[in-house]
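A.B. asks: Relevant sequence annotations retrieved from TrEMBL are reproduced here:
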type: ACT_SITE; residues: CYS370; note: active site, nucleophile
type: ACT_SITE; residues: CYS373; note: active site
type: BINDING; residues: ARG176, THR178, TRP189, SER228, HIS231, ARG263; note: FAD binding site
type: DISULFID; residues: CYS87-CYS92; note: disulfide bond
type: DISULFID; residues: CYS370-CYS373; note: disulfide bond
Amino acid sequence: VSNSGEHHSERESCCGYLVSLIFGCFLSLLQLTGVLDDCFCDVESIDVFNNFKLYPRIKKLTEKDYFRYYRVNLKRPCPFWPDDGHCAIKDCHVEPCPERVSVCLQYSQAANTVSDMTECEQAKELGAINSTLSNQSKQAFADWARHDDAQDNFCELDDETSPDSEYVDLLLNPERFTGYKGPSAWRVWNSIYEENCFKPRSVYRPLNPLAPSRGLCLEKRVFYRLISGLHTSINIHLCAEYLLDEGWGRSVWGPNVQEFRQRFDTAETKGEGTRRLKNLYFLYLIELRALYKVAPYFERAFINLYTGNSQEDGATKDLLLQVFNEIRAFPMHFDEKSMFAGHKIEAKTLKEEFRLHFKNISRIMDCVGCSKCRLWGKLQTQGLGTALKILFSEREIQNLPEHSPSKGFQLTRQEIVALLNGFSRLSTSIHQLHHFRLLLKDNR
């Protein structure tokens, strides 16, 4: 039997059915099942594909040197309202947090409780960026910059030219709960939903998307679902990496089931939680499609992921190509050709409106008052922006010249790092959802 290809196929089909059935049981706890709107794909298929095939590879890929370092400017002022400083806790929204963290930590260790710290001081510590970099890494970054600058038609992002831009080690600065909340955090998301999103008129609460979007065309509906999906993904990360305990020089991070329930449980959110989660899956499909479409760009021989270590660079590209091979095997990709397909002038106008709305949202990320939240907000927004650039670029991607780097579609190092890390965050969210389902099942 083991030598029979036919029996192998039957066994794999049976195993796939059982896995889908198990996931379906867990999904039903959140009423998160079935086909997603605006595409022909179901939640269960995405779960099996992501958690068993793609997530392990994408996680390993983003731990490689090329992808773990992201260059970003965290000092750009908010262009829309006066800067609140880097603390959004009550009574700290005007002045920056006081420089008394070390004293406060000593006091906290003696008391063995987080509650003895002021909220503002706690948030400053948890939201601080770990900027530790070795001299060897700094020298490598200089080499990377020289290599990138030598490429023909290499378009640098504004942040890259700023003296305030610096490399950040993403592995030393994981995305998790920092205590950032209150009016400043609310204002950021409120501005995104109320002022820069194609919001259905029936939705009044910016943190309560997505009501049935009757009356919106496909393009505007898609845009709104992308922003809601990004918001959902970020909230899942914060729930999964929540500060559960702190004291005596240690911090304990882990899943906060109650926080997850408040944001996504069907009963507690009156059905909104399920829509939010479905928007996450929809966003996952959009970025998955972008990776599928951009694969030929990376398959060309001269495209390398340069860090100066040729052996490591080769291994990184091999792993990236493995990721693309898995993505090609997924049978239910989103069809971006259904968008901007109407009358030429109207479609062009809508596409430009789409682009400007998203550009505004990316600028709002400079208004986030927590450095670590700002870091991950900017990265994930740029990752989605890069995915949209790939999907709707007027330049040819599928039939790029094999030996001519100076012609056609181009991506910068920063865009590549943001694209893969941004998608990795979505993949991680769906993987973390499975663990929350298990925890919810145990708590029933």
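Placed from the backbone N, Cα and C atoms, the Cβ positions cover glycine too.
Note that the structure is a prediction, hence the values are computed from the model and not measured.
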A.B. asks: Quick one: Cα separation, THR178 (FAD binding site) versus CYS373 (active site), in Å?
C.D. replies: 8
A.B. asks: List the Cα distance (Å, whole number) between ARG263 (FAD binding site) and CYS370 (active site, nucleophile).
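C.D. replies: Approximately 21 Å lies between the Cα of ARG263 (FAD binding site) and that of CYS370 (active site, nucleophile).
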A.B. asks: Out of THR178, SER228, give me whichever of these binding-site residues has the highest number of other Cβ atoms within 10 Å.
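C.D. replies: Buried the deepest by this measure is SER228.
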A.B. asks: In Å, how large is the greatest distance between any two Cα atoms among ARG176, THR178, TRP189, SER228, HIS231, ARG263, the listed binders of FAD?
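C.D. replies: Roughly 21 Å, rounded to the nearest whole number.
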A.B. asks: Can you figure out which of ARG176, TRP189, SER228, HIS231 (the binding-site residues) comes closest in space to the residue listed as 'active site, nucleophile', comparing Cα atoms?
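C.D. replies: For the residue listed as 'active site, nucleophile', the closest Cα among ARG176, TRP189, SER228, HIS231 is found at ARG176.
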A.B. asks: Identify, in sequence order, the residues in the chain of ARG176 (FAD binding site) that are 6 or more apart from it along the sequence and have a CB within less than 8 Å of its CB; answer 'none' if there are none.
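C.D. replies: In sequence order, HIS237, LEU238, ALA240, GLU241, TYR242, LEU243, TRP253 meet the Cβ cut-off.
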A.B. asks: Do you know offhand how many angstrom separate TRP189 (FAD binding site) and the residue listed as 'active site' by C-alpha?
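C.D. replies: Cα-Cα distance, TRP189 (FAD binding site) to the residue listed as 'active site': 13 Å.
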A.B. asks: Whole-number Å distance between the CA of HIS231 (FAD binding site) and the CA of CYS373 (active site)?
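C.D. replies: Rounded to a whole number, the Cα-Cα distance is 12 Å.
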A.B. asks: What whole-number Å value do you get for the CA-CA distance of CYS373 (active site) and SER228 (FAD binding site)?
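C.D. replies: Between the alpha carbons of CYS373 (active site) and SER228 (FAD binding site) there are 17 Å.
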